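This report concerns only the one structure given below.
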Amino acid sequence: MLFKQQALLRQKLFVLGSLAIGSLLYLVARVGSLDRLQPLCPIDGRFGSRGQDEIQLRALQFKRGLLHEFRKGNATKEQIRLHNLVQQLPKAIIIGVRKGGTRALLEMLNLHPAVVKASQEIHFFDNDENYAKGIEWYRKKMPFSYPHQITIEKSPAYFITEEVPERIYKMNSSIKLLIIVREPTTRAISDYTQVLEGKERKNKTYYKFEKLAIDPNTCEVNTKYKAVRTSIYTKHLERWLKYFPVEQFHIVDGDRLITEPLPELQLVEKFLNLPPRISQYNLYFNATRGFYCLRFNIVFNKCLAGSKGRIHPEVDTSVITKLRKFFHPFNQKFYQITGRTFNWP
Ligand code: A3P
C-alpha cells in the first residue's frame, strides 16, 4: 500500500516537474522572441522623410508573431482579411549573380522584420512562358505581407538574360536592384561545380573545368563557356544601365558575405531605407557547416541547405592564372562603373 502511494507521489512529482521545465523552456523562448518585438527606435532623418520608400514601423512590430505562418503560404482567408495582408510586387529584386550567394543574401535579409521573401525563384522576367502569363500571375506568386513591408525575390538568371532589364523597367522603373558578386574565377568554378554535381547525380560523365574554360584550339579563355561569360559582370551590367541609373543598384560582396555577413547586410539595409534591425545575434558561425547560419530567436535557427557551400574540384593553377588575367580588365571597369572596388587578383 505504502509502496503504491510512493509510486503515485513519484508519478505526480514527475508530471509537475515536466510541466515546470516545459513552462520554463517556453518562457525562455518567449523572451528570445520578445526581445525582437521590442518597440523599434523612431526613424531618424537618415532614412528620409515619410514617403513611398518608408516602412511603417507599426507593421514591423506585428510581423514576428504571424509571419511564420504567412511565409509558408498558410495564411487563412480570415487572417488575410483581419490583418489586411496583401501579395505585393517586389520593391527590390536580387537579380544575380548565380553562385554569388543569392540564396544566403535573400535568407539573411529575410531576418529583417520589414522584409518578406518570395521563397522560390519565380523566373518571371527571364522565362517567356511565365512572362506571357502577365503581371498578376507574378503578383500571385508573392507571399502575403503587411502593406508596409517589402517583398524581395531572387532569380539569378535575371542578371544575364537579355530581355529582363526592359521587362523589369516596365513593371517598376524605380525598383531597387541587388547584385551579389564573388571573385569571378571562383564564381565560375562554383558554377561549374553545380553543373558537375547535377551530371553526377544522373550518373553522367562531364568534362573537366579546364577543358571547358580554355579553348583547346587557341589556348585562350573560352568566352563561349557560360560559366566564364556570366563572370564578365561589367558586360551584363552595361545592358542594365541602358534602363536603370547606377544609383538603383547595390553591389553586395559575396566573398565577404561568407566570412563577415553583418556589415554587408547593414549596407543593404541602408540601401533599402530600412531601419537597422539585423544584428550579430541573428548570425552565428557553424563550424560543422563552415558558414554563418541564421538565428531568428533562441529556439528557431537554420543553416542553408547542403547544396550551398559545395567543395570545389581542384583546378590547374595555370588555368586559374589565365582566367584571372582575362577577367582583370573587366573587373576594373566594373569597379569604375559601380564605385565598389574589390581586391580581386
Ligand atoms: P559554393 O557552393 O561555391 O561554396 P547561390 O545561392 O547564388 O547559388 O550561391 C551559392 C554560394 O553561396 C555558395 O557557393 C556559398 O559559398 C555561398 N554562401 C554565402 N553565404 C553562405 C552561407 N551562409 N551558407 C552557405 N553558403 C553560403
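Glycine residues also receive a Cβ, built from the backbone N, Cα and C atoms like all the rest.
Copied over from TrEMBL:
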TRANSMEM  12-29  transmembrane segment
DOMAIN    90-334  domain 'Sulfotransferase'
ACT_SITE  LYS99  active site, for sulfotransferase activity
BINDING   LYS99, GLY100, GLY101, THR102, ARG103, ARG182, SER190, TYR292, LYS308, GLY309, ARG310, ILE311, HIS312  3'-phosphoadenylyl sulfate binding site
DISULFID  CYS293-CYS303  disulfide bond
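Projection of TrEMBL feature records onto the structure.
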residue	record	DSSP class
LYS99	active site, for sulfotransferase activity	coil
SER190	3'-phosphoadenylyl sulfate binding site	helix
CYS293	disulfide bond	strand
CYS303	disulfide bond	coil
LYS308	3'-phosphoadenylyl sulfate binding site	coil
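Nearest by CA distance to HIS312 (3'-phosphoadenylyl sulfate binding site), out of the recorded positions LYS99, CYS293, CYS303, is LYS99.
Over all protein chains present, the Cβ of SER190 (3'-phosphoadenylyl sulfate binding site) has 21 other Cβ atoms lying within 10 Å. Counting every protein chain shown, 18 other Cβ atoms lie within 10 Å of the Cβ of ARG103 (3'-phosphoadenylyl sulfate binding site). Non-local neighbourhood of CYS303 (disulfide bond): ASN286, ARG289, PHE291, CYS293, LEU294, each in the same chain, at least six residues away, with C-beta under 8 Å from its C-beta. Counting every protein chain shown, 17 other Cβ atoms lie within 10 Å of the Cβ of CYS293 (disulfide bond). The record assigns LYS99, GLY100, GLY101, THR102, ARG103, ARG182, SER190, TYR292, LYS308, GLY309, ARG310, ILE311, HIS312 to the 3'-phosphoadenylyl sulfate site; their largest pairwise CA distance measures 19 Å. Compared over the binding-site residues LYS308, ARG310, the count of CB atoms lying within 10 A of a residue's CB peaks at LYS308. Cβ-based crowding with a 10 Å cutoff singles out LYS99 as the top-ranked of the recorded positions LYS99, HIS312.
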